[in-house]
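S.K.: What Swiss-Prot records for 1-20 is signal peptide, and it gives sequence analysis as the kind of evidence. Under the heading N-linked glycosylation site, Swiss-Prot lists Asn37, Asn74, Asn77, Asn90, Asn106, Asn110, Asn132, Asn137, Asn156, Asn168, Asn181, Asn197 (among others), citing sequence analysis as support. Annotation comment: Swiss-Prot describes 125-172 as domain 'UPAR/Ly6'. Annotation comment: Swiss-Prot describes Ser211 as GPI-anchor amidated serine.
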Amino acid sequence: MKSFLFAGIVVVLTVAAVDTLRCIQCNSLKDSCVAKNATECPSNATTSCTSFSTNFYHGEHPTWYEDHACSEENCSNTTVESFTVSVSENETFHFESQCCLGEPCNQTSNTTASPHQVGSGNMECPACYGNNETSCNETRKCYGERCVSIIAEFTNETKTLVLKGCSNVSISTCESLGAGNQTFRGVTFRKFECGDNFSTTTPLATTDTGSQASFTPLALASILLLSLLL
């Protein structure tokens, strides 16, 4: 009888060990993520691993940010989202995220944003970033699939970030974030609009799909961008 009981305990412990999720867990604002090893996830976040990164290219000095974590999000399979917002010839933002179900994500690509071509592009978009819409009204000709206009507010902060530019962001991302008033890790997006060839942003039709953690890097990046404005 004792042998059966011992065998049952071994089976339970083996299953528990197999089910334990290990993810890379770090935030580059707090500590280095370089060569970071995966560690066991807390009991309240054992479904997926997530990886978020962004860089801001301004001249020859890119600013890099990344965040890796455990998550309860069921992303159904490994998903990767990335897009770029070009503000000027020398100012470009690149955003990238991964959600990996039941396994660690690959390290983010460390892609450095580079400036989009300007001058004879087939798009004309508002392109700037600032603390409010009145301080953000420049336009530029550029290459890209669509124009974007983003307004983000920050919990426990009085600052608002306005970001506009040319972007290769997908329609699905526009629709996911375009419902408005979506909050991600202390950042509320009051507006995320996409359109084509306009000087006054007109939103694409959107559907309310709720908060999606796979797009969180944009929120995290916005915190980084806010620090650039202070």
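Glycine is no exception: its Cβ is also placed from the backbone N, Cα and C atoms.
Quick one: how deep are these features, and who are their neighbours?
M.R.: DSSP gives Asn37 (N-linked glycosylation site) a coil state; it is part of no helix or strand.
For the recorded site, Asn74 (N-linked glycosylation site), the DSSP three-state label reads coil.
Around the Cβ of Asn90 (N-linked glycosylation site), 14 further Cβ atoms fall within 10 Å across all displayed protein chains.
Taking Cβ-Cβ distances under 8 Å and a sequence gap of 6 or more within the same chain, the neighbours of Asn106 (N-linked glycosylation site) are Ser51, Gln98.
Within 10 Å of the C-beta atom of Asn132 (N-linked glycosylation site) sit 11 other C-beta atoms, taking all shown protein chains into account. Secondary structure from DSSP puts Asn132 (N-linked glycosylation site) in coil.
For Asn137 (N-linked glycosylation site), the count of additional Cβ atoms within 10 Å of its Cβ stands at 13 [all protein chains shown].
DSSP assigns Asn168 (N-linked glycosylation site) to coil in the three-state reduction, outside any helix or strand.
Within 10 Å of the C-beta atom of Asn181 (N-linked glycosylation site) sit 10 other C-beta atoms, taking all shown protein chains into account.
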S.K.: Measuring Cα to Cα, how many angstrom lie between Asn90 (N-linked glycosylation site) and Asn132 (N-linked glycosylation site)?
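M.R.: Here the two Cα atoms are 21 Å apart.
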S.K.: Between Asn37 (N-linked glycosylation site) and Asn137 (N-linked glycosylation site), what C-alpha distance do you get in Å?
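M.R.: Just about 44 Å between their Cα atoms.
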S.K.: Given the glycosylation sites Asn74, Asn132, Asn137, Asn168, find the one whose Cα is closest in space to the Cα of Asn181 (N-linked glycosylation site).
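M.R.: It is Asn132, whose Cα lies nearest.
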